[in-house]
Amino acid sequence: MPGGLLLGDEAPNFEANTTIGRIRFHDFLGDSWGILFSHPRDFTPVCTTELGRAAKLAPEFAKKNVKLIALSIDSVEDHLAWSKDINAYNGEEPTEKLPFPIIDDKNRDLAIQLGMLDPAEKDEKGMPVTARVVFVFGPDKKLKLSILYPATTGRNFDEILRVVTSLQLTAEKRVATPVDWKDGESVMVLPTIPEEEAKALFPKGVFTKELPSGKKYLRYTPQP
């Protein structure tokens, strides 16, 4: 697949037509975190449930200073008409307004540049459509996380919210989050931090799990 972004790459400062007008991506992001997520097609079942869930969770993302923006190979006109279906699916008034914009990439320029096309899924003309991609960008405009799902599997936007919470915490504190971690649970002390420094950094205490190897690398502390 041509194009694509790697962790640490800066987001391209593209211009695009969207459901809120023409944008320049860096200006849209400002100093916020950002999530750019693509879907295969408008007026399709899995995509409707995904964007419906994203709309429901939009206030939670906003609390974390995260801006959402969607993308597919459909036109702005289709995006606006489909938004009514998404709102109706959510039990809301069927308006054209969603809490985030959707990019019109009908020429596939961005999908190619960002490596979003799924060669296994094609439209009625035999052209590949966009996969279910998630890019999370930090306030520095650099890629912090990427997720790629096929067209047949819907994403878990609650998991995306959880991951963003972890990314923001670990960007500010010298900790890592363990398997299945949720906001408010204990976190792990980075193995590169010496024991005495860890005690000073984490006044709530550092708790070490004893292991057969005798190595003291499983260190927990309450979430800072």
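Every residue gets a Cβ built from N, Cα and C, even glycine.
According to TrEMBL, the active site, cysteine sulfenic acid (-SOH) intermediate annotation covers CYS47. In three-state terms derived from DSSP, CYS47 (active site, cysteine sulfenic acid (-SOH) intermediate) belongs to a helical segment. Around the Cβ of CYS47 (active site, cysteine sulfenic acid (-SOH) intermediate), 23 further Cβ atoms fall within 10 Å across all displayed protein chains.
Residues annotated as domain 'Thioredoxin' in TrEMBL: 5-169. The average pLDDT computed for the domain 'Thioredoxin' (5-169) is 97.
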